[in-house]
Amino acid sequence: MRTSTELSAHSVDDGRINSRGGRINSLVSVELEDKAEDEAPRRSPRLHHLDWLRSCMIFFAVFCHVWQTLHFPPQHAADDVVYTSEPTTSAAYYLRWVQLGRLVCIPLLFFVSGAALALGPYSAASSGRGIGPTFLKVGVLTLAGLALNGLIFLAGPRDERCSLEMAEKLHCKGPLMDFLIAPNAGSLFPILYQFWYTLFLLLFLAEDAPLYRELLSLSTGGEPSLPRLLLRWLAASALYVLAGLAPPALHLQDVLLLVAAEAAFLGCVCGSARAAAAGAGPAVRLWQYGAAAAAVLQFGVPRFQITTFDTNLVLYYHAFRQLMTLGFVVTLTRASAAPVASRAWPLVLFGLILLCPSTSFTLAGMITYPWFPKTADRLLWLGGSFVVPLALDRIGRTFAAAGADLPLPASVGVGTLLLYFVHPLFIAVFARFPVFRSEPFLL
């Protein structure tokens, strides 16, 4: 946009505006254009690494589902493929990939979902217009997906033991299929299947919508609303108490830890938002590290004893709500957060080595995200699930600031979302084809 002086001089030189009235009209029109630009809503710049991460993790989740149908996972499998000529477990490489991928797949998806809220409905540019449209879109997608999964489930046999591998041995028969996409999972989970993620996403959006608005207000210099924060803590505490004491009940001290750590987590994310408003760069990031540590302790120490889809699993998966909130506040405060650990980034290698999981496969409750019997294993695993998203997000924003990142091709973004929606149908149709079951195809 030229200044008014430049426009006037340019107009005179070109001979297009030679009267004083013409120059006044030109200046008025320029001022109106400037005002219109100032009043137009500004969109947050797109962080391309978030698109890449979401598509990559969706692709991995689909790979895991395909592998799970073709090779039902064992309880345990040693990663002996590197030191024996004939591995004792079939598809040992797949077991390794699934075990490593479980550390980051679902945590990154929730982290990115929280970040997207900070760039869209709860960005400073949007003035916190709310989650209504997002909630509606996710809800419609979920209902449509559940209906499709329900039809696929009804097309198969009623015996939950009828996996693809056991279909012939058990003489399984259904209206259209002789195997189940999700065997040994009861009658509910095969219908939920991949859409458990969007159901939890809707739950977390409903639970934390007031918190997102509060964090946005704090990050722009607003005063904390203690009644709103207290209500948010009391609501979460009520959930932990009611669900934690219902069968299969948690120990009382575990419930109390969930309640106390929730207060610490809320204090840290609010502290980060307030530090951003004050321009206290390093403190913004340090508060975020504190929130991550509180969440790891909150869900790593309690003995949830995850074996199936029950109230303890719902509580345990609320660790993903904290990841979603952390992704939100990290993205919301990105302009103010000064680097801390990344200034000595080679030292992060020690943390990644410390938190790196074993390549030997252990089912540990649910294949989606494991729960280990030993507290140390749970803390290390959860620690990795929080550290890796924070590290990848910092790397992505560093490349974005340098203008060195590439946008995700639209076809890839749409394709992975479509794949996420319809891959159970794809498995149901093609699982019986030999080429689909071959290792080269999966590779």
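Just so it is clear, glycine is given a Cβ too, placed from its N, Cα and C backbone atoms.
Values in this document were obtained by computation on a predicted structure and should not be read as measured data.
Taken from TrEMBL as is:
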| type | residues | note |
| --- | --- | --- |
| TRANSMEM | 100-122 | transmembrane segment |
| TRANSMEM | 134-156 | transmembrane segment |
| TRANSMEM | 191-209 | transmembrane segment |
| TRANSMEM | 230-250 | transmembrane segment |
| TRANSMEM | 256-277 | transmembrane segment |
| TRANSMEM | 313-332 | transmembrane segment |
| TRANSMEM | 344-367 | transmembrane segment |
| TRANSMEM | 408-433 | transmembrane segment |
Interface check, the transmembrane segment (344-367) with the transmembrane segment (256-277), three or more C-beta pairs under 8 A: no
CB contact flag for the transmembrane segment (134-156) and the transmembrane segment (408-433), at least three pairs under 8 A: yes
Chain residues in Cβ proximity to the transmembrane segment (256-277) (below 8 Å; excluding those fewer than six residues from its ends, i.e. six or more beyond): 211, 214-216, 218-222, 224, 229, 232-233, 236-237, 240-241, 244, 283-285, 287-288, 290-291, 294-295, 297-299, 301-302, 315, 322, 325-326, 329, 332-333, 335-337
Residues from the same chain, set at least six apart from the ends of the transmembrane segment (100-122), whose C-beta lies under 8 A from its own: 44, 46-47, 50, 53-54, 57-58, 60-61, 64, 128-131, 133-134, 197, 201, 204, 212-213, 215-216, 320-321, 323-332, 357, 359, 367-370, 381, 384-386, 388-389, 392-393
Beyond the flanks of the transmembrane segment (191-209) by 6 or more, those residues with Cβ under 8 Å of it: 61, 65, 106, 109-110, 113, 130-131, 134-135, 138-139, 141-142, 145-146, 149-150, 153, 181-182, 232, 235-236, 317, 320-321, 324-325, 368, 420, 423-424
